[in-house]
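According to TrEMBL, the protein carries these features:
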- 20-45: transmembrane segment (TRANSMEM)
- 57-81: transmembrane segment (TRANSMEM)
- 87-106: transmembrane segment (TRANSMEM)
- 167-191: transmembrane segment (TRANSMEM)
- 203-221: transmembrane segment (TRANSMEM)
- 233-252: transmembrane segment (TRANSMEM)
- 258-280: transmembrane segment (TRANSMEM)
- 292-315: transmembrane segment (TRANSMEM)
- 327-346: transmembrane segment (TRANSMEM)
Amino acid sequence: MEREQKEKEGESSKRAINIGTIASIVVGLSGSGSVLIFVLHLIATECTTESERSSRFVLLGAITTSISAVASFVIGYYISWRGFTDLFWIALMLQLMSIVVGLRFINPSQFIVGTSATLECKNDCLSSSPSANNVYIRKPSKLWAEFFEVFTVFAFNRRSRKKSISLYLTLLAFAVYIFTSSSMSVLLWYLLSVPFCWSSKEIGNYSAVSAVASAVLRLVGIEALTKLGASDPLVCAISHILFCGSVVWTAFAQHNWAIYVTLLISPFTMYQGSLTWSMISKWLEPHERSHAFTFVTETNVIMIAAGGSFFNWLYARTIVHNRKFTFLLAAGLNIIPFILNIYLLLVTRKLAAEDNITRLMEIDSDVTQLLERDTNMAQDLEEDLNGIPLMKTDEGTASGQFQPLFDDSIDANPSGSLNLRFISRSRTSNL
């Protein structure tokens, strides 16, 4: 009997694993949260100006994080009460609700590249629409061309050399950051083992506090750094330094309070993920952003999957000998995006200086053209005024009416008359 019962339990566990694998594949194919992030960032890009885009991306991440804090807090207590099976049905209903809300309230025509964006666009694939709202719509292209456009949007021949280098540095720093930050996926197993041995309630409470702290402190940090004049690459470099410190602190933590102390640092380690979207949008044409954001989304998904699998595999094989090794390795790898952002900071400063010089040259050219135009208008006006006949008036005439100079009825005595000449040059100077 015991043997048959064990066989049944083994079969049920295998069936559960197979069903879970199929469910994970379906969720992966749907895109899940990655598609949501992609769409929200695209909408935020089209609805904000370049100067406020960075803070809006951080605000968007803070809002989603704070909402997830409530879910994490509730889930911890729900699992201890009824298990986790019902959570799948709840998640399914919430997904369907989000789809309905998106279809009902998000109008795609509101986010077509508009007037402010088309001023930057110089590609021939944009054509103006005669509508009153001055909306610009791309010419339709084939599906396979759109697919390859995702991989060719960052080609060097599409923009200047420095802009291309800036894009590649940003993408590489983003990819390495996502890979190293996925090392925190082992934090769950780290807290479940000794010396912490946390329960589901404690993990839920920690996740909720972590999300709230992240939402608040991230906004405070980006506002403070922006007011201090820090550029996006500099903010990312600072966040990587803090990430190394936070991970090392977690690796050597021995008490619960030490884990909670990291919540004062970890919110400032997430700026690379938010600011990457803002930085690449500044160096792309408006019609290129959707393809570029698709590429960034795919990179994000691949790096999360690869990093999570690698660090979980590594942690399972090193936990017996050295449970700190996984975190220390992640801290060491995070030096790579730090160096890339420092190099990006230097490149963007040179790029900004060149843009200022180009802008000044354009302004000087416009001023020169205006001066030449005014000079030509003045010359034309002078020629017209030179064609006006000379006039003469009688000094004794009370009415002061002007008469032609060569009229025979006018006295030719110079002492009794005042000759007035309308000098065209004085007229021109007065104008």
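Including glycine, each Cβ sits where the backbone N, Cα and C put it.
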- Note on the structure: Other same-chain positions with a Cβ less than 8 Å from the transmembrane segment (292-315) and lying at least 6 residues past its termini are 28, 31, 34-35, 37-38, 41-42, 45, 150-151, 153-154, 171, 174-175, 178-183, 185-186, 189-190, 273, 276-277, 280-281, 284, 323, 325-326, 329-330
- Note on the structure: For the transmembrane segment (258-280), the distant same-chain contacts (Cβ-Cβ under 8 Å, at least six residues beyond its ends) come to 41, 45, 53-54, 57-58, 60-61, 166-167, 170-171, 173-174, 177-178, 181, 191, 196, 206, 209-210, 213-218, 221-222, 232-233, 235-236, 238-240, 242-243, 245-246, 249-250, 292-293, 296, 300, 337, 341
- Note on the structure: Long-range CB partners for the transmembrane segment (57-81) (under 8 A, at least six residues beyond its ends), listed in sequence order, are 40-41, 44, 87, 199-205, 207-212, 214-216, 218-219, 222, 270-271, 273-275, 277-278
